[in-house]
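Below you'll find the structure, written out as structure tokens, and then a few comments.
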């Protein structure tokens, strides 16, 4: 990213990666919770009769031990990352899309149709397949935005329910001979799947390394992630998107067409999920056929990646790698006899370990704020301590403010520290007002 | 009512005080409510009415004073105690759950088994007894505001309260519904010897419906007496009746037309007709609202409201909360679209449906609820400062952080915004500094007209002073300033003309020099019609 400098810009990047106030607390807590999650996982495996060390070894061998294992992991990383980046975009706008699983399928469906029905020579076919999946899934997700716009249908609900519709559609397509069901060869029974897409519609590996395969899809996904991170951080469009997500009323007031922008964000997120679907179809992760179960829960897992990455597309890259590793290692682990549902449990524990700390710490901070009595004058003058030494009741908004205004206090006409809330009001309001606004904007 | 004077009061408050830091919400308030009377409690916003009632309901603990129920002193330290003592309140904002039916709402909070038949029977019994017709099986979201109020009343009355408190009960009601309500209250009082406290700012209502009246001003009792022995004028004066000391200062600053012919005072003091709405200056109005009507839930929040603001003048839009000023503010923030009528800026009507149209037309606004529509708390100071003029900091769609910082630095210095850096999240700034950010952004865009809605709410003295100076300066530079406020002093201190809004209409516009507390009080109370 362009801010990757040494001092000033580097610090800014760090700050952006910082989850917010009390970042180090969150970091410490995350380390602790991940430790707990790993411990619990080991315990679970031991209790169900497995060996935790052998399992860890298997997990490692299946995902990272060799270039071949890495190749498998990275094949999963690309679609996961695409879904996650899309989820970041929609979450940033406050129009939460949780229907990626269905959008992945629709993308694969559109891609398969183009790949199998259009006889275009050369790599142009691949381009068309990818484009079709982007457009198809983008429109599919856009439908939810339209439903919201014209009928007020809750976006979270509609995107999720559309997933089931998408599953039925794909199932119908691969069970209907005149649509996409495989052609009859000899007398074999027909399976509910399509023919494999032609060779020139497949994503191949880049470069020629023994054992290691770097699929083109991964490059595509990383490029998309970096590009969107830049767009969101550096452009007017990204600025407006952030504004809409954080405070739709102010955004509207500042001249942003909230509904349109949110709809576009939703469509982008759908389009990226669709692209992930196309990757599943065209890369060696699958049989290159359209199959009802081919989405492999990538849509749901991608959402988790975004959740763990706290809606930051750049952070999503390492998190997606982690999830890809867990996926590849998980299937290897399942092959060694550990029940595959345990792998899912381990994954879920890890997600919780990453997601819980910021939420819990945020809640604790708010509670502490609310517990403090409404005494705006209990600290009659600005604390004598300079900025670096906060008051003992450390991370409350009130004292943060006091610390902020103290050095300049003598110059400013403000006589003493004030809370943002009017005196008799519950001081917790100040902290939660923004969140409430955001929630209302999203759910209204 | 002389007989009542000898009765033991149902509820007596002696010297009740409550302070919030330096703010005295209630200052040694005495109040005695007798059974069989409707006691009016009158006062401006912030006069302490709500705090007093919260003390009675056990929501707030008093600092000093005694409360006596009948003859024995009581300690109301929780809402449960208040209910046990027979104190029931109908809040101004209904606390009903819309998807539930009437009977479900009524028994909400009860413990034990739910007996649907008994609950319905009770609702019907109460509604018959007091003449509050309602179907217990209907869902609350299907009910009109008047019917919802009936549900609230039934909720209260079924607990047999000996003291019933109603907070601004008519603010959402039509004329006919209000009349109906007062008939019911009369019945409650006369037939069952209950006591009713009626909180209101509508003078006509207080005069017509109450037996005794207490006026609160700045937390203290300003007046107390039998309603029949007083007049609306007297009450108006008592309600807003401080000497308007700030007027002289305003005149000294040259913002007030000092020498004006004295108005020909009519007998009732309300000769000021809305026809005086034209701008005082020769210049044509920059901001003009024309016959704006806005309905919320079928009730007109703005009723054919017309208002002009000329360049260089400050017009104060004054009135009691709930009469439509907030709606005017939201309208001019682009958050509401009127049902009819137009908003014109510089002679051109503005298409309010388009986001940001008002801003492009040259209207700056300091919104009433800055957290809701003025700022984005989780964005930085710099981002908040430039969010309306992104064109100035972008080249081909890409933001320049350097330019953003430069602009932010300049505005922070110019407007005394105290923050560690332009990158500081706005959330961590004090209220005064947040408000300065809003004002800096709006004024830096070079507006033709500026709307300031409750611009000093929740700010400290320093920030208030600052805001006043900026608004005066803006007017002096030729900006048309509309100040929407419920604070009389603020309006008197700043405005050249005062437009009084009541029930969504402008009931009078008068130059500040001619504005007396009594006349404003009458207008605010809606007596002019």
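Cβ coordinates are placed from backbone N, Cα and C, and glycine is handled just like the others.
Per TrEMBL, the features are:
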- A:373-413: compositional bias 'Low complexity' (COMPBIAS)
- A:414-426: compositional bias 'Pro residues' (COMPBIAS)
- A:371-444: region 'Disordered' (REGION)
- A:22-48: transmembrane segment (TRANSMEM)
- A:68-90: transmembrane segment (TRANSMEM)
- A:102-120: transmembrane segment (TRANSMEM)
- A:126-148: transmembrane segment (TRANSMEM)
- A:155-174: transmembrane segment (TRANSMEM)
- A:212-233: transmembrane segment (TRANSMEM)
- A:254-281: transmembrane segment (TRANSMEM)
- A:293-309: transmembrane segment (TRANSMEM)
- A:314-335: transmembrane segment (TRANSMEM)
- A:341-364: transmembrane segment (TRANSMEM)
Near the transmembrane segment (A:293-309) in space but 6 or more residues beyond its ends, with Cβ under 8 Å, are 76, 79-88, 91, 98-105, 108, 163, 273, 276-277, 280-281, 286, 315-316, 319-320, 323, 327, 351, 354-355
Of the listed stretches A:102-120, A:212-233, A:254-281, A:341-364, the one with the highest count of C-beta pairs below 8 angstroms to the transmembrane segment (A:126-148) is A:254-281
Checking A:22-48, A:68-90, A:102-120, A:254-281, A:314-335 against the transmembrane segment (A:212-233) for Cβ pairs under 8 Å, the most are found for A:68-90
Per the Cβ under 8 Å criterion, with at least 6 residues separating them from its ends, the transmembrane segment (A:102-120) contacts 79, 83, 128-137, 140-141, 159, 162-167, 169-170, 173, 180, 194-195, 197-198, 201, 269-270, 273-278, 280-282, 289-290, 294-295, 298-299
In the same chain, residues at least 6 away from the ends of the transmembrane segment (A:68-90) whose Cβ sits under 8 Å of its Cβ atoms read 61-62, 96-97, 100, 104, 211-215, 217-218, 220-222, 224-225, 228, 232, 241, 265-266, 268-273, 275-277, 279-280, 283-285, 298-299, 301-303, 305-307, 309, 311-313, 316-317, 319-321, 323-325, 327-329, 332
